Structures are given as structure tokens and as C-alpha cells.
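What follows is a set of notes on a single structure, which appears directly below.
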Amino acid sequence: MSRTVIPLGRWAGVAIDVHWSVLVAFALLTGSLATDLLRRTVPDQDMAAYWVVAVIIAVGFLASLLAHELAHALAARREGAQVRRITLWMLGGTTELDGEPANPRTELLVAVAGPIASLVCGGAGLGAAFALRGPAIPLVVAGLGWFGLTNVVLGVFNLLPGAPLDGGRILHAVLWHRSGDRARAAEIATRAGTGVGLLVVAIGVGDLLFGSFSGLWLVFAGVFLLAAAQAELAGSPARDRLGDLPVGAIMDPAPDTAPEWLTIEAFLDQVTPGTRRRVFPVVSFEGHPVGVISLAELTQVAPRERRFTRVTDVCRATPGASIVDIGTPVAELLSKTTLRRGRDLAMVVRDGRLTGVVDADDLTRAVELALLGRSTYADH
Ligand SMILES: [Zn+2]
């Protein structure tokens with residue numbers, strides 16, 4: 001998922017972002033509610049009334065998706081875990097924690113909070129629809145009924161026992177608690193996720209064959225689940241074996257740097273001849289990391305501009321230029337960022353000053369060594 005997001009602000013210290021695909025989902029949902037679902041359930045109403053109710057219900061539905069994620073975040077905070085951010089996107093939302101849950105109990109409570117919130121929203125919607133039923137406002141009742149039912153379905157869907165669904169996290173927590181073997185539990189939960197993904201795709205395809213358009217959503221969701229489960233399956237054994245190896249152990253401790261005040265021309269004359277590096281940390285006069293530049297980016301600067309453009313003008317702060325403390329576990333850096341080869345760097349700091357860099361190759365090497373049962377280098 002790309003990080004093209006609209007920040008919605010912070011709530012209790014948690015950044016809430018909305019991915020642009022939510023706008024697409026909102027438009028599709030409002031449209032299908034107004035022109036299809038509500039109209040079929042309650043025919044012969046004023047067209048404007050369909051649209052008004054559709055917009056209100058769609059907004060309410062997005063709010064209920066947010067409530068699901070906020071429930072995860074609140075549970076995490078209660079358990080003392082740091083919540084990095086909440087992102088809403090087309091197929092729901094994600095709540096990112098800083099690092100992995102410390103114990104099965106925390107994982108279980110955080111995972112179960114989201115579906116509970118969905119089921120509560122669902123119950124509230126269905127309850128309100130039931131209380132307001134009668135001939136006076138059938139359109140509102142239909143809208144509330146759809147809202148309630150959809151939230152119940154979402155709550156139940158999220159409880160399916162396969163990672164990365166909440167149910168998969170619950171399964172993982174239970175297996176982890178029972179056996180004490182976190183890595184093995186992760187493997188089983190992600191394999192179950194592959195199974196659930198395949199099942200959802202199959203049901204979606206069946207739906208489509210029988211002419212129901214909603215099958216397309218299931219196929220979408222199933223394919224997403226499969227991809228996410230595969231990604232976790234590939235990532236977790238290495239992450240587990242890395243343990244708490246710090247970035248300081250795998251960094252290049254004497255990187256060539258790009259002083260921010262140099263012109264591109266001076267940088268090319270003074271720094272690049274003496275190194276095989278393609279990406280450089282940009283540092284301020286005081287030695288603080290400012291961002292990164294890559295040779296690939298410098299090729300975009302016109303030759304005659306090189307004498308007038310300074311390193312600071314083309315340097316990139318984020319994304320791709322993470323600043324991490326020297327004690328940060330490699331596993332955490334891996335789960336936080338994707339470093340592109342020849343483009344990005346993680347800048348390692350001690351007391352705010354640049355002390356080394358880690359690039360994509362360093363990370364890959366650390367993972368490969370971990371898989372080979374070696375976690376440190378002889379020369380560090
Ligand atoms: Zn959830």
C-alpha cells in the first residue's frame with residue numbers, strides 16, 4: 001500500500017491518516033446505497049432523500065471503521081504498548097503498533113477489541129433500526145439496518161482465524177500462550193491466513209458466477225489476505241531469529257557523507273571519487289543527519305544547474321531516510337521501513353549525531369546471516 005494519505009489529525013497522541021482509496025470507497029458506497037440498496041429496500045421515495053440518507057450512512061460507516069481501529073489503539077495503550085498510527089483505506093483500516101506485542105495477553109486484548117467495537121456498532125445500528133421501525137421513516141430504518149448488518153458481518157469476518165485478520169492474531173496469541181513458541185505460532189496463524197484467503201476468494205468467485213456483484217469485494221479482500229499472509233510468512237522467521245540485534249551491529253560505522261552546504265558539483269568532485277556508495281547521508285554543519293541523496297536523483301539535475309544547486313536543495317528527508325537510534329533492533333527497522341536499493345538509507349544516530357548508516361544490502365545481509373545462524377560480524 002502506498003503512503004499517499006490525507007492526515008486527519010491526532011487523537012490521544014495517535015496520528016490518524018486516510019488513504020486516498022477511502023474517497024473511492026466512499027463514493028462507491030454512497031452511490032450503491034442511493035441508487036441500488038436503499039431503493040430496492042424502500043422503493044418510490046424522493047431521489048434526494050435516497051442520496052441524503054446514503055451520504056449520512058456512508059459517513060457513519062467510515063466512522064465505525066475508525067471506531068474499530070481506535071478500539072485496537074485504546075486496548076494497546078491500556079496494555080502499555082505504543083501506537084504509531086491508524087490508517088484507513090479502501091478495505092478497512094490498520095493500527096500500527098511500535099514493535100510487536102510483548103506477551104500473548106496483550107496481543108489477545110488488542111486483537112479482540114476491534115471486532116468487539118464492530119459488533120457493538122452493528123448491534124447499535126440494528127437496535128436503532130428496530131426501535132425506529134414503522135411506516136414513518138422507512139428509509140432511515142433501511143439505512144440503519146444496512147449499517148448494523150454490515151458492521152456485524154465485518155466483526156465476524158475479522159474474527160476468521162487467519163493472520164493478518166484480527167482472528168488470526170487471536171489464534172496466534174492463544175497458540176503462543178499454550179506452547180510458548182512465538183515463531184511456530186506465527187507460522188501456523190499465517191498458514192491459516194492463507195487458507196482463509198483462499199476460502200474467501202472461492203466464495204467471492206462463486207458469488208460472481210451466480211451474478212452477485214458483491215462477490216467482487218470478497219475476491220478483492222481474499223486476494224489482499226493471501227498477499228498479506230504470504231508477506232508475513234516470508235518475513236517472520238527471519239525477524240524472530242534476528243532477536244534484538246541492534247542496528248549498531250550491522251551499520252557501516254564510517255559512511256561517506258554529503259555535507260548539506262556543498263554544491264552538487266563540489267560533492268561530485270570531492271566525495272564520490274573516493275567511494276563505491278550510491279546513496280549518501282546528508283549532514284548539517286553540526287553533524288546532525290538531515291536527509292539522503294542518491295546518485296540516481298542527482299542525474300535528474302541539469303548539468304548547468306550543478307554549480308548553483310546545493311546538496312540541501314535536492315536532499316530527501318522522508319520517505320526513505322529514516323533516522324534510528326543506534327540501539328534500535330534490526331527487526332524493528334525491518335518492520336518499519338522498506339529501504340530501496342540505491343535510493344534509501346537508514347541513518348543511525350547516537351545522541352542526535354550521525355554515527356553510521358544502514359542500507360538495503362546491510363539489512364538483507366543481516367537477515368541472511370540470521371537465517372544461517374550467525375547474527376554479528378567479526379569486525380564489529
Ligand atoms: Zn481489526
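Note that Cβ sites are derived from N, Cα and C of the backbone, with glycine treated the same way.
Unlike curated records, TrEMBL annotations are generated automatically.
According to TrEMBL:
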| type | residues | note |
| --- | --- | --- |
| DOMAIN | 251-308 | domain 'CBS' |
| TRANSMEM | 12-35 | transmembrane segment |
| TRANSMEM | 47-68 | transmembrane segment |
| TRANSMEM | 108-130 | transmembrane segment |
| TRANSMEM | 136-160 | transmembrane segment |
| TRANSMEM | 188-210 | transmembrane segment |
Recorded stretch that, among 12-35, 108-130, 136-160, 188-210, has the most CB pairs under 8 Å to the transmembrane segment (47-68): 12-35
Tertiary contacts of the transmembrane segment (136-160) (same chain, 6+ residues out, Cβ under 8 Å): 33, 37-38, 41-42, 45, 49-50, 53-54, 56-57, 60-61, 64, 68, 92, 114-119, 121-129, 166-168, 170, 196, 200, 221
Residues of the domain 'CBS' (251-308) by DSSP state, where helix covers H, G and I: 17 helix, 15 strand, 26 coil
For the transmembrane segment (12-35), sequence-distant contacts whose Cβ falls under 8 Å of one of its Cβ atoms, 6 or more beyond its ends: 1-2, 4-6, 50-51, 53-55, 57-58, 61-62, 66, 73-74, 77, 83-91, 143, 146
Per-region confidence, the domain 'CBS' (251-308) (mean pLDDT, whole number): 90
